[in-house]
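Single-structure report; data block below.
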Amino acid sequence: MGKEKTHVNVVVIGHVDSGKSTTTGHLIYKCGGIDKRTIEKFEKEAAELGKGSFKYAWVLDKLKAERERGITIDIALWKFETPKYHVTVIDAPGHRDFIKNMITGTSQADCAILIIAGGVGEFEAGISKDGQTREHALLAYTLGVKQLIVAINKMDSVKWDESRYQEIVKETSNFIKKVGYNPKTVPFVPISGWNGDNMIEATTNAPWYKGWEKETKAGAVKGKTLLEAIDAIEPPVRPTDKALRLPLQDVYKIGGIGTVPVGRVETGVIKPGMVVTFAPSGVTTEVKSVEMHHEQLEEGVPGDNVGFNVKNVSVKEIRRGNVCGDSKNDPPKAAESFNATVIVLNHPGQISAGYSPVLDCHTAHIACKFDELLEKNDRRTGKKLEDSPKFLKAGDAAMVKFVPSKPMCVEAFTDYPPLGRFAVRDMRQTVAVGVIKSVVKSDKAGKVTKAAQKAGKK
């Protein structure tokens, strides 16, 4: 077997008709987790429905339909392999809650793949002012997805024309530069998702195409296909050296064992014997054991979904949205208030001080008041445009002071990224996204269990 491949998460963004499903479907189909039986079943259904052209989008449509009906699909279906990586496709936009998922994300993307439709008229529509493409790319950048790959799709529809390709590369470079990416670090790859051309094997339809190139700290990296571009993602650094932050997804009471909180380690490590504090309540206790997939662990590291058993704490004292940390190393605390840069996406009216929508931050889901609108900024550069604006509307970026309606635990994005980004939800949609700059923490002490006191004396 050799060493486990590194896991990377990618998010696929782009305009509705850019061919995201077909392209993703193709990678999963050729390199991925869909077993032959499932594919044969899909192919048979496709043929019966007269969708003989089947082509990979059908795979993805099936998966999506199942997911939207709330059938949890075997997530293995959304995975594929490159020589270096296990790749998980987090979520393709178009899905209603895409923005929310990307922020509270069960997993942060290491790289975004922007799919641009090269067809005549299509490219222009996808990248126009109101385009979703702009919003998705801006979101990815704002939320700290620092690596980008651009795939220029549907090259078959323009007969692999070189000048059309160059024109799109030029326009797209300007576009991603405005969002904040440096085009020199971004591979541009011409593909046809429908025909599977230049996805896994180099195309033979474009004698002019010499391959993509990107700059990295280690020097220039070159390749031809989309799969090679994904394989050339720089390996993500997982934050094991930071203090522990583990937002709880659920808390179970298990007969004979006791209270078992469950969640994903975002930063740091959790080990048996550790004395942990839960914020915002401040309850401090000892971790008896840590397990994942019913196996005992010596330690849980970032990315692990773990369950852990705690002593002398009842299910009533801790809940989903609480954050677990090491009581001796920068323990998490309740936030009295916090300042954040907010980008208003789609709010029909004006937002003024006093507005109290629900914020989704890690696993917490709590109403927070826009207490003060401190300053309005340029979305791209962050430069200040005006002090104390009276209101904000769609498209604005601003620094805002928030006050939670009940105790919650959040962190500055620079300290603990997964706990420092949030979605603002109202009217059943994401109206804004935010990145937390600073937090005023509460110093109220909470309950310390006997187990914690004993462990502390050891």
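Using the three backbone atoms N, Cα and C, a Cβ is placed for every residue, glycine included.
Per Swiss-Prot, the features are as follows:
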- 14-21, 91-95, 153-156: GTP binding site (BINDING)
- 5-240: domain 'tr-type G' (DOMAIN)
- Gly2: N,N,N-trimethylglycine (MOD_RES)
- Lys3: N6,N6-dimethyllysine (MOD_RES)
- Lys3: N6-methyllysine (MOD_RES)
- Lys30: N6-methyllysine (MOD_RES)
- Lys79: N6,N6,N6-trimethyllysine (MOD_RES)
- Lys316: N6,N6-dimethyllysine (MOD_RES)
- Lys316: N6-methyllysine (MOD_RES)
- Lys390: N6-methyllysine (MOD_RES)
- 14-21: region 'G1' (REGION)
- 70-74: region 'G2' (REGION)
- 91-94: region 'G3' (REGION)
- 153-156: region 'G4' (REGION)
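Annotated features taken from Swiss-Prot, shown on the structure.
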residue: Lys30; record: N6-methyllysine; Cβ contacts under 8 Å, 6 or more apart: Phe80, Gly196, Met199, Ile200
residue: Met155; record: GTP binding site; Cβ contacts under 8 Å, 6 or more apart: Gly118, Tyr165, Pro190, Ile191, Ser192, Asp197, Asn198, Thr203, Asn205, Ala206
residue: Lys316; record: N6,N6-dimethyllysine; Cβ contacts under 8 Å, 6 or more apart: none
residue: Lys390; record: N6-methyllysine; Cβ contacts under 8 Å, 6 or more apart: Ser352, Leu373
* **Of Lys20, Lys79 (the recorded positions), the residue whose Cβ has the fewest other Cβ atoms within 10 Å** => Lys79
* Asked: Whole-number Å distance between the CA of the residue listed as 'N6,N6,N6-trimethyllysine' and the CA of Gly14 (GTP binding site)?
  -> 19
* Asked: Within 10 Å of the Cβ of Gly14 (GTP binding site), how many other Cβ atoms are there?
  -> 28
* Once the DSSP letters are reduced so that anything not helix or strand counts as coil, what is Lys316 (N6,N6-dimethyllysine)? -> coil
* Asked: DSSP on Lys79 (N6,N6,N6-trimethyllysine), three-state: which is it?
  -> strand
* Asked: How many of the residues that make up the region 'G4' (153-156) does DSSP mark as helix, as strand and as coil?
  -> 2 helix, 1 strand, 1 coil
